Every structure is written in C-alpha cells, then in structure tokens.
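K.L.:
According to TrEMBL, the protein has these features:
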DOMAIN    32-180  domain 'Casparian strip membrane protein'
TRANSMEM  39-59  transmembrane segment
TRANSMEM  79-105  transmembrane segment
TRANSMEM  117-144  transmembrane segment
TRANSMEM  170-192  transmembrane segment
Amino acid sequence: MSTTVDVPETSSIDTREKAPLLPAPRQAGWRRGMAIMDFILRLGALAAAIGAAAAMGTSDQTLPFSTQFFRFEASYDDFPTFQFFVIAMAIVAGYLVLSLPLSIVTIVRPQAVGARLLLVIVDTVFMSLAVTSGAAAAAIVYLAHNGNQRSNWLAVCSQFTDFCQATSGAVVSSLVAVLLLDFLIIISAFAFSRNH
C-alpha cells in the first residue's frame, strides 16, 4: 500500500510577507510623542520638587523684637515634619534626575516596554513619597495659619508672615510635583497599554 501526497508547485520566489524591522511610522510617531511628553513632564516635576525642597529648606524668620532671654525665631528645622518634607522632596528630585536617562531611552526606542514599565512602577513609589510628605507639611502649615482652639495651639502666621509664606509656597510646589508625577504615571500606563 502506497500513499501519495500531492504538493502543488511553487515558484522560486518566496511569497510570504516579511515583518518590517522598524515599527510603522504612525505607531512610532505617537509613541515617540508620548515619550517626549514624559520627558517634559519629568523635567517639570523635577523643577517643582527642587523648588519645594529649596523653599522649605530656606524658610527662616527671626522677629525684630526679642528679650534678653528669648529670641523669637521660626525655622523649618524646628518642625520634624518640615525636616521630613525637605528630605523626601530632595529624594524625589534625586530620583527624577536619575530617571531622565531612562526617559530618553523611551524616546530613542519607543517600543522599549521594559523601560516604560519600570518607570511606571518607580514613579508610583516616588509619587506616594511626595504625597505623604506634602500632606504632612500641609497639615502643619494649616495649623500655623489657623491654630487649634481646642488644643490651645495659637496661629503663628500673624507674627511669622515670611516663614508662613515660604512654607505655604513649598507645600504648593510639592503638590504641583505630585500632579505632574500623576500625569507621568497616566501617560506611561496609557503608552504601556497601547503596546499590547
């Protein structure tokens, strides 16, 4: 018993389509655009984090009147919460500086999924650090502005106006950094989801 298999003749030219080595220009265009937006937002968040740390770290005011035994002074290092804020925002700024080369990699190679995934994960961690430090500092700034009658904490911003303005500006700058980091995470997650 013999079996025969009929194989149709093919020409010597291979008719299969070959996959392109580079992504289609349209796909690479929006990915590259998202990566450039990521880089710009990262620079903005870096500037806001540095501004927040610098504004809080330089907040210091001494009142013009004092006694022989007392000197009325307010400085960020009088409050552990403000010290945490300065350290946390400096760490966030340091991370943003170190993440810039990875962001450039996503511009040069828009199809690099691993780099974008790493940025999404680590951006989320550092955004949470910025949120916690900003929220803690905002609570202290609120008490400095309004006080608390039940606890007999007096509002000190009527005397230390420059100090309160500097700390309030630092808190606002940290919230801008948080907002930009949030946009970074959303953009990276959107670009990552479009890859699959």
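Cβ coordinates are placed from backbone N, Cα and C, and glycine is handled just like the others.
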K.L.:
With Cβ-Cβ distances below 8 Å as the criterion, list the same-chain residues six or more beyond the ends of the transmembrane segment (170-192) that contact it, or say none.
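P.N.:
Apart from its flanks, the transmembrane segment (170-192) reaches 31, 34-35, 37-38, 41-42, 44-45, 48-49, 51-53, 55-56, 59, 85, 89, 92, 113, 116-117, 119-120, 123-124, 126-127, 130-131, 133-134, 137-138, 141.
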K.L.:
How about long-range neighbours of the transmembrane segment (117-144): same chain, 6 or more residues beyond its ends, C-beta under 8 Å?
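P.N.:
Cβ under 8 Å, 6 or more out: 38, 49, 52, 56, 79, 81-82, 84-85, 88-89, 91-92, 95-96, 99, 102-103, 106, 153, 155-157, 160, 164, 167-168, 170-171, 174-175, 177-178, 181-182, 184-185, 188-189, 192.
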K.L.:
Taking residues 6+ outside the transmembrane segment (79-105), which of them lie with a CB under 8 Å of any CB in it?
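P.N.:
Distant Cβ neighbours of the transmembrane segment (79-105) are 35, 38-39, 42-43, 45-46, 49-50, 52-53, 56-57, 59, 112, 115, 118-119, 122-123, 126, 129-130, 132-134, 136-137, 139-140, 167, 170, 174, 177, 181.
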K.L.:
Which residues of the same chain, at least 6 past either end of the transmembrane segment (39-59), have a Cβ under 8 Å from a Cβ in it?
P.N.:
74-76, 82, 85-86, 89-90, 92-93, 96-97, 99-100, 103-104, 107, 130, 134, 137, 162-163, 166-167, 169-171, 173-174, 176-177, 180-181, 183-184, 187
K.L.:
What are the DSSP helix/strand/coil residue counts across the domain 'Casparian strip membrane protein' (32-180)?
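P.N.:
DSSP classes over the domain 'Casparian strip membrane protein' (32-180) add up to 112 helix, 14 strand, 23 coil.
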